[in-house]
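Visitor: Below is one structure. I have some questions about it.
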Amino acid sequence: MPLNLPDKLPAIELLKEENIFVIDNSRASAQDIRPLKIVILNLMPLKITTETDLVRLLSNTPLQLEISFMKLKSHTSKNTPVEHMKAFYHDFDLMRDEKYDGMIITGAPVEQMPYEDVNYWDEITTIFDWARTHVTSTLYICWAAQAGLYHFYGVPKYPLKQKMFGIFRHHINVQGLPIFRGFDDEFFVPHSRHTEIHREDILKVKELALIAESDESGVYMAMARNGREFFITGHSEYSPYTLDTEYKRDLAKGLPIEMPVNYYKDDNPDNAPVVRWRGHANLLFSNWLNYYVYQETPFDINQIR
């Protein structure tokens with residue numbers, strides 16, 4: 001897929017080195033087609049890393065995408081250069097009159113706080129509500145998935161005794177859904193979280209379908225509104241060394257952390273990770289773009305309701 005990204009976004013050069021086809025705005029404007037408009041609300045601390053991880057996975061269909069990045073007015077990022085935020089991110093207030101074919105809302109390092117204590121809770125729930133009438137399909141990832149399920153359906157989260165950390169085996173509960181087209185019977189997903197949601201709470205809500213889960217890591221994906229919303233508790237977008245970085249960071253800080261499970265070759269942190277999730281991560285995002293965004297969105301984007 002040719003990705004239409006803001007000129008000079010750092011991810012452009014990083015992904016070109018991986019032989020991924022990206023174009024900047026100036027080249028895209030010469031192509032006489034309507035690109036799909038995708039907005040990413042990036043709540044992760046290391047924003048450039050997350051941008052690159054997501055854009056990498058959005059690059060595997062023949063569709064042209066126009067990627068925009070949203071930020072919160074009520075929260076200031078402390079780990080990303082101000083110049084980068086000014087150059088590539090826009091406040092929700094400046095974007096709220098736009099319509100988008102797809103939206104991705106990332107995780108955030110606030111999962112151990114009560115939702116209402118998060119300093120941007122009011123703003124982000126406003127965005128959740130806005131997305132229902134301004135976006136064709138939205139992916140909620142990790143904390144955003146928990147927060148969305150709580151906001152819309154009252155599904156609570158629960159603290160874990162030990163961090164869910166590693167690569168876990170999953171299975172599909174609902175066969176035949178386009179989001180899983182091409183998936184194997186079992187597939188692997190990275191998880192890195194201190195809280196969980198319980199399948200029993202999902203099953204109580206008639207508007208939700210629990211479509212994939214793990215015997216080890218629990219709920220993985222719930223779907224609502226016929227695919228206009230997906231709530232995903234894992235991190236299929238993670239690059240090979242993300243868990244390694246988290247593990248060694250916490251070790252260096254003296255924090256209690258177990259080695260990520262099913263991750264390093266021979267369970268030896270001196271060895272490289274064994275990537276078991278790349279294929280299904282690519283399928284997940286390409287299936288979402290094709291079947292739930294491109295196939296469902298109106299040509300006249302203003303008709304999104």
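Cβ coordinates come from backbone N, Cα and C, glycine included.
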Visitor: Of the candidates Ser137, Ser192, Ser217, Ser236, which does Swiss-Prot annotate as part of the substrate site that also includes Lys163, Arg249?
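Guide: Given Lys163, Arg249 bind substrate in Swiss-Prot, the matching entry from Ser137, Ser192, Ser217, Ser236 is Ser192.
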Visitor: Spatially, and counting Cα to Cα, which of the recorded positions is closest to Ser192 (substrate binding site)? Options: Glu111, Cys142, Glu237.
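Guide: Nearest by Cα distance to Ser192 (substrate binding site): Cys142.
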Visitor: Test of understanding: give the count of other CB atoms lying within 10 angstroms of the CB of Arg249 (substrate binding site).
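Guide: Other Cβ atoms found within 10 Å: 11.
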Visitor: Rounded to the nearest Å, what's the C-alpha distance separating His235 (active site, proton acceptor) and Glu111 (site 'Important for acyl-CoA specificity')? Just drop the number here, would you?
Guide: 14
Visitor: What does DSSP call Lys163 (substrate binding site) in the simple three-state scheme?
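Guide: The three-state answer is strand.
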Visitor: Taking each of the recorded positions Glu111, Glu237 in turn and counting other Cβ atoms within 10 Å of its Cβ, which one has the fewest?
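Guide: Minimum Cβ neighbour count within 10 Å, taken over the recorded positions Glu111, Glu237, occurs at Glu111.
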Visitor: Hey, which of the recorded positions Lys163, His235 is the loneliest by Cβ count within 10 Å?
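Guide: Each of the recorded positions Lys163, His235 was scored by Cβ atoms within 10 Å; lowest is Lys163.
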